[in-house]
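S.K.: Below are the features listed in Swiss-Prot for this protein:
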- 7-27: transmembrane segment (TRANSMEM)
- 39-59: transmembrane segment (TRANSMEM)
- 67-87: transmembrane segment (TRANSMEM)
- Gly75, Ser78: Na(+) binding site (BINDING)
- 100-120: transmembrane segment (TRANSMEM)
Amino acid sequence: MNLKTTLLLIIGGGLGALARYYISGILPVYKDFPLGTLLVNSIASFILGYLYGLLFFGFEVSSEWRIFLGTGFCGGLSTFSTFSYETFSLLREGEYLLAFMNVVANVLVTITLVFLGFILARR
């Protein structure tokens, strides 16, 4: 890995992490449901779907943008570990329905948004 790639990852990941911090801070929990985590994972999924949709449909996206936006920003923005911890916490607190809803919402919403981003890139 060269210096340029390293810097793109550091800057993209740092900006994604900052965005996650502020978005999750605005919407940390809604009636015991971790809405902030769902939102950041959803945004990152849409962006990643759109980015790779552009590539699939033949648009030129430089490797720098893929590294900066895809791996860096989306990687810093999304958070599987927080999602896992919040689900575990809900289970530990006996909030089984909310834990189930959190898993279903994160999986279905994020996959749907990857698909939507991918399709919208075609236009």
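Every residue gets a Cβ built from N, Cα and C, even glycine.
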S.K.: Most Cβ neighbours within 10 Å: which of the binding-site residues Gly75, Ser78 is it?
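M.R.: Of Gly75, Ser78, the one with the most crowded Cβ is Ser78.
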S.K.: Mind checking which residues reach the transmembrane segment (100-120)? Cβ under 8 Å, same chain, six or more beyond either end.
M.R.: 33-34, 37-38, 41-42, 45-53, 56, 83, 86-87, 90
